[in-house]
Structures are given as structure tokens and as C-alpha cells.
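These notes are about the structure you will find just below.
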Amino acid sequence: MCSSVAAKLWFLTDRRIREDYPQKEILRALKAKCCEEELDFRAVVMDEVVLTIEQGNLGLRINGELITAYPQVVVVRVPTPWVQSDSDITVLRHLEKMGCRLMNRPQAILNCVNKFWTFQELAGHGVPLPDTFSYGGHENFAKMIDEAEVLEFPMVVKNTRGHRGKAVFLARDKHHLADLSHLIRHEAPYLFQKYVKESHGRDVRVIVVGGRVVGTMLRCSTDGRMQSNCSLGGVGMMCSLSEQGKQLAIQVSNILGMDVCGIDLLMKDDGSFCVCEANANVGFIAFDKACNLDVAGIIADYAASLLPSGRLTRRMSLLSVVSTASETSEPELGPPASTAVDNMSASSSSVDSDPESTERELLTKLPGGLFNMNQLLANEIKLLVD
């Protein structure tokens, strides 16, 4: 029976989004995983938490209950567009200071709260980015009309705190920018970005969990607009992706320090990619349907692997080795760097199969020559099979 008295694994979310598909699916998957592995589990809503510092020590109360056994891993889902450093991030920092392993960590979430902050983190690492300008002050949009002209028109204009494709414009010329300056809300700054014409109305959404690409989806606008977000009526379809594209998504995830993220890549005529955005609170309802994946289940598996349990650690270690062996034995999916991205096939198989299926399939073939090369690994595999 699953207990919440001394929970090892928590799911922490926000009341405003807890009924959304990703949160409900992650809760389902975590409950199932913890019951399967006989792990203690607790679901917590952000506004139930009271933070304490008593006698110089950090403490925690939930709905009046003094917490004495702290979670080892906390899966975090907070609405990044509305994240407040004085409340939400304070709770996450408190848990992290108490020794809890958060996924994602508070700094990783902050790296994605503001689109320009994301680019600041990625700059200097050799990551291909569209040229981008922003500004200080609260109402300096108008002064950027001249400053950003070097980016050439048309240019992309985005609210740095926007989400789901909202508050994104394609400015035709300086007059259009001037009109926008009178229409937009100025609570958050805007960024001005070089337009990648060849990727108009389409991009590639890559979901990365634990430093591994779990799947990729081509998103296309259906009404001619620049944004391809499924929440705005765009359609998503499973696609293959070149090794360059996969490695770029993993690199971005690593630089930003994210355990779970969605990376959006813009496509160029020469088959290369540049980064559009990174999402710490990635949605995956369209992704699950298009790619026939259970992203929540993959997240739950990874969360369990972070617990200090020998069996779980060996299991995910094996999964990593199996995945590497599988990837190196198959031909590269997606267009090579010299081929236009238009050749990406929406009917191709997914980049990475479901981790559980991959593991089960390969375990049935053991012992094989590859695994006999390492006796220690073979012993661990035998433990799992038994």
C-alpha cells in the first residue's frame, strides 16, 4: 500500500494548473510508479506549504502538519509565465536547501521564465541563436524601433514572458513597430529577433528527459501565421530528426540545467537548426498523441531513478547503456546536415522508442556478445531479469 507519511517522492504543483493534462498525467504516472516500486509518495500544492526557520534550522509544514521526513526527490510543475521569485521560487529554494533533489531545479526554471534570460544563458556556448535585442526599463519599447532596425524587417517581436505562442508578432516595418508600441502591455519587456523566414509556420519540438531525447514532433501552422503552437490551432506530427538536431537539444538542456524540458528548434534551408525557445514546464498532450508516447510515464521513471535505491539506479544505468547500443546500431534518422529539413518525414518512426519497451525488448535477447564484454553489467542485468 502506498503511504504519504514518510514520502520519499513528492509531486509539487500549482493550484492554477493542477487540473491541466500534463499535471494530471504526471500525477497518475508517479502514483503508479511509486506503487509498483513500493515507494512512498505525496502530492502537494504550492499554497499548502509553510516554510519555517526555527532555532536556526530550515523546516516545513503542510496544512498545519509538521513534516519530519523530507522527500528525496520532488517533481516540480509550476506555471512558468507566472512564476514569482518571491513566492514560488522561495518554496523551491527552501526545499533544495533542505537537501531535496528537485526536477527541475529552481535555477533551471528561472532560466526559462524569461525568453531573453534563456538566450543569455545559451550565449557563449556555440549554440546557434537568431540575433536578438532587448532593453532595460519598463516602457522603452518605442526606443527600440530605431535600435533594432539592424535586424532588418520583417522582424520577430515577442513578450519575454509570453507562452503558448501568445504576444508574438511579425513586424513588417518601422510603422508597424510604432503601432505595436501603443497596443501592447508593458508589464514585461519585449525582445526583437531576426526573422528565420524558412521556418515560418513550422518548428520542431524536442522533449528531453534526463539528458536524453525521448521524441520529436514537427509542428505546423494551419492558417499561415508564424507561430506553429498546437494551442493556437497548429498541428503536430511525429518526425525523425538528424543527429545534429538531437545533440543541439541535449546541449541546450544541459546548459540550462534542466531535467525535463521542451526545446523548440527553427529549421534552416541547409538542414541545420537554431534555437527558438526552451520550456521548463513543457506541455505534451499533442506530443503524446502525435508520437504515441507516454511522456508522463518517462518522467516518472526518471524521477524514481534519482532516488538513492540500488535497484532503480542499476535499472536506469542499464537503460542508458541499452539506449546507447540501440542508437549506435541503427541508421541516423532525419536529414543529414547537408540536406534540407523539408525532407523530414512525418511518417517516420520516433527518434527514440519508449524506454520501458526498449529495455524489455533487449532484455529478452540477453545474454548477448555486447553485454558479455562487461561481467559486472551482466550481473546487474541478471539481477533485474530475476
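Cβ atoms are placed via backbone N, Cα and C, with glycine included.
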### Task
Return the residue out of Lys143, Lys158, Lys166, Lys246 that Swiss-Prot annotates for the same ATP site as Gln193, Lys194, Tyr195, Val196, Lys197, Glu198, Ser199, His200, Gly201, Arg202, Asp203, Arg219.
Lys158
### Query
What count of other C-beta atoms do you get within 10 angstroms of the C-beta of Val196 (ATP binding site), across all chains shown?
18
#### Entry: Under 8 Å by Cβ from Lys194 (ATP binding site), counting only residues of that chain that are 6 or more apart
Pro130, Asp131, Thr132, Leu151, Glu152, Met155, Val156
### Query
At the Cα level, what's the spacing in Å between Glu277 (Mg(2+) 1 binding site) and His200 (ATP binding site), rounded?
15
### Task
Please list residues from the chain of Lys158 (ATP binding site) whose Cβ is under 8 angstroms from its Cβ, counting only those at least six apart in sequence.
Lys115, Ala167, Val168, Phe169, Tyr190, Leu191, Gln193
## Note on the structure
Other C-beta atoms within 10 angstroms of the C-beta of Arg202 (ATP binding site) total 18
#### Entry: Most Cβ neighbours inside 10 Å, all chains, among the binding-site residues His200, Arg219
Arg219
### Query
So of Glu198, Asp264, Glu277, which of the binding-site residues has the fewest other Cβ atoms within 10 Å around its own Cβ?
Glu198
